[in-house]
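These features come from TrEMBL:
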- 42-204: domain 'Phosphoadenosine phosphosulphate reductase' (DOMAIN)
- Cys116, Cys117, Cys199, Cys202: [4Fe-4S] cluster binding site (BINDING)
- Cys225: active site, nucleophile (ACT_SITE)
Amino acid sequence: MTVTDLQALAERAGRELEDAPAPEILRWAAETFGKRFCVTSSMEDAVVAHLASRALPGVDVVFLDTGYHFPETIGTRDAVAAVMDVNVITLTPRATVAEQDAAHGPRLHDRDPDLCCALRKVEPLERGLAAYDAWATGLRRDESPTRAGTPVVGWDARRGKVKVSPIARWTQEDVETYVSEHGVLTNPLLMDGYASVGCAPCTRRIASGEDARAGRWSGLAKTECGLHG
Ligand code: SF4
């Protein structure tokens, strides 16, 4: 399929599937793209991986190991790989944390988090997604104002890929219900005051009343890592 065909497909599916339940959106992605489709997961929870594994058993689940994750996040990834019918693929940055420190100085995440995310998240994902025509995310409209317009199927113009967000219309309550009904693996930090789990140096617990992503890059203007811009 050409990039033009993929874009037209994404835009049509976005309209036609706007009101479809998440399993139907993932069935469409599995039937349309087969092995050219993957799920990305931050290992905050395995909800989208679980939904996708039902539509496409053995589906590739791509995880970005930035070198700065909490041990609980790495443990969640390992548990997902061990118990779910998915193929976990771990992507790593070109430089280790030590090599990055040598090149840019220590704690780049404090001084230039956009560069740190570009090196440790954006570049590895773009390299990893080269093997696919479509990728799924766990983005939800209710997570923050920056995500309120997330389409269930959209066009990722930067990468020339179809971007599927099957739970875009879900609420936090919908996620919790699905986790509980299906016994889906979740990151233990969600039970310890964290509402959104990213790299350890850039993630804090949230206070009551704060939105789910308030604990990411706290105190900085930055709200997204650049993967979804
Ligand atoms: Fe670096 Fe923080 Fe971005 Fe992780 S979230 S890649 S530590 S700036």
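The chain as shown is numbered from 1 upward.
In case you wondered, yes, glycine gets a Cβ from its N, Cα and C as well.
Overlay of TrEMBL feature records on the structure.
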residue : record                        : CB count, 10 Å
Cys116  : [4Fe-4S] cluster binding site : 24
Cys117  : [4Fe-4S] cluster binding site : 23
Cys199  : [4Fe-4S] cluster binding site : 23
Cys202  : [4Fe-4S] cluster binding site : 20
Cys225  : active site, nucleophile      : 24
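Taking only the Cα positions, the spacing between Cys117 ([4Fe-4S] cluster binding site) and Cys225 (active site, nucleophile) is 6 angstrom. DSSP gives Cys117 ([4Fe-4S] cluster binding site) a helix state. Calculated from their C-alpha atoms, the gap between the residue listed as 'active site, nucleophile' and Cys202 ([4Fe-4S] cluster binding site) amounts to 10 Å.
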